[in-house]
Structure formats: C-alpha cells, structure tokens
Amino acid sequence: MLMITSFANPRVAQAFVDYMATQGVILTIQQHHQSDVWLADESQAERVRAELARFLENPADPRYLAASWQSGHTGSGLHYRRFPFIATLRERAGPVTWLIMIACILVFVVMSIVGAQSVMVWLAWPFDPSLKFEFWRYFTHAFMHFSLMHILFNLLWWWYIGGAVEKRLGSGKLIVITVISALLSGYVQQKFSGPWFGGLSGVVYALMGYAWLRGERDPQSGIYLQRGLIAFALIWIVAGWFDVFGMSMANGAHIAGLAVGLAMAFADTVNARKRT
C-alpha cells in the first residue's frame, strides 16, 4: 500500500477516488485527521500522481462530478460533516500554526492601539549595536504587520501551508522551518532596507518553496504545493522587485525565504531519493 495524498475535505477525496475508479485504478480512503488516499497496486503510482496533478489544477471539472455519478459511490459510507469556518481552521491547523497566528494577531492589535513605532522599538530587528544580544528580535519581526491586507494575506498562506506541514510532518519540522527562515530572511532584508520591516512573508515563502520541492522529490511525504501556486509566488516576487503594484514589499525577505525553503526540502529529500 502506498499513500498518494491527503485531503482536508472528504468530498474532494471521494471525487478523485471515484474518477480513478472509472480509469481502472482502485484507490481507498482512510479517515484520520484528514482523508488519506491509498493505492494498493504500487506499479500504477506514476499514473495516479499524474492524474492527481491534473485533478488539483481543477477539481471542479465536470468530468470528476460525472465520475462520481458513474461510479455509483454516493453512498460510500463516508460520513461528511459541514464544517463551520472556525472548525475548518481548527481541522487543518496544529498547535504551532495556531500559536503563530495568535501571536501575529495580538501584535497587530497592539500596533493598531499604541502605534507601529511603539511596538517596533521592542520587536524589530536590532537597530542599534547595543541591541544585538536581544535575541528575540531576530525572529519577532515576523509577527509585525502593517495593514489588514498584509496580515490576512500572510496568515492565510501560513495556515494553508504551515498547517499542512505540521499535520503531516509534525510540529518540530514547522518550528525548524519557521525559525531558520525568519532568521535568514530577516538578515537579508535588513541588508536591503535597514531594520524597520516586518511580516511573516519570509517564512511563508520558505514554506512555499519547501512544500513544492518536497512534493516534487518525495510525493510519499504527503506534502505538496501545486505548480500553479509556486508560479504565482515567483510572479509576485518579480512584481515586487520591479515595483509593479507601487507597494513597499520585503523583496529580500521573499527571495531569501524561498531559497531557505528550497534548500531545506532538498536536504530532507536526499535520503528519500536514494531509497527510490
């Protein structure tokens, strides 16, 4: 048995399983925290992964709905739940994912009340040589956000990718990626713009790079990022670099974070590639 992927939504998992059944491939679903899709005949793994990539690009394609009707599995025995918004967040996010989200929200609220400068004095990258031993500053810059759009954008991606990493690989792995990427992306960004910056985007880009390359090199890990999303991330970096949107972006942090994530994924998958 080989685990192909995992879906947070059991309906989506069933749609893919039903479609593959019409293609002559039998998959099974095991319900744990998420819906894990397993393949019994491992010789069909490459074919299934290719179909999965197409499915993820457009899971709402009518052919997948038609396959569900054709397979006759609407009474498959899966007990679907209607997740309210908060329950959906909780289903995908582990404790570290939640802790960072709460920290960012609390810092944002305090910044809104007392002003950004008052908070940056305590949390920003060391802006004076006398502060270089205040070690929290090398990481807490990631908790500061300067607009509602800024924090919503970063926390959405953090929840989506960071939550998946924590659920599949554990809290320890998410902590390591977060700490290393916050440190190195912050270091690069302060070389570009000085110490007055903030945001979780360097960590988010690290998670994007990690999830994409980990999925490409080690699909059995259950971690992946669709190629369309990594392409979007690269386009966003280019747009920020050339100031296409006229917004201030932490371009150094984005590039450094992405590089950190790719490097960590490569290191983590070396042994997996050797096994295959």
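Using N, Cα and C of the backbone, Cβ positions are placed for all residues, glycine too.
Checking Swiss-Prot for transmembrane segment across the ranges 43-63, 169-189 points to 169-189. Remote same-chain residues near the transmembrane segment (169-189) are listed as 94-97, 100, 125, 138-139, 141-142, 162, 197, 202-203, 205-207, 210, 221, 223, 250, 252-257, 260-261, 264 (criterion: CB distance under 8 Å, separation of at least six residues from the stretch ends).
Counting only same-chain residues 6+ beyond the ends of the transmembrane segment (250-270), those with a CB under 8 A from a CB of the stretch are 176-177, 180-181, 184-189, 191-193, 197, 199, 201-214, 217-218, 221, 233, 236-237, 240-241. Within its own chain, Ser201 (active site, nucleophile) has Asn154, Ala250, Ala253, His254, Gly257 as residues 6 or more apart in sequence whose C-beta sits under 8 angstroms from its own.
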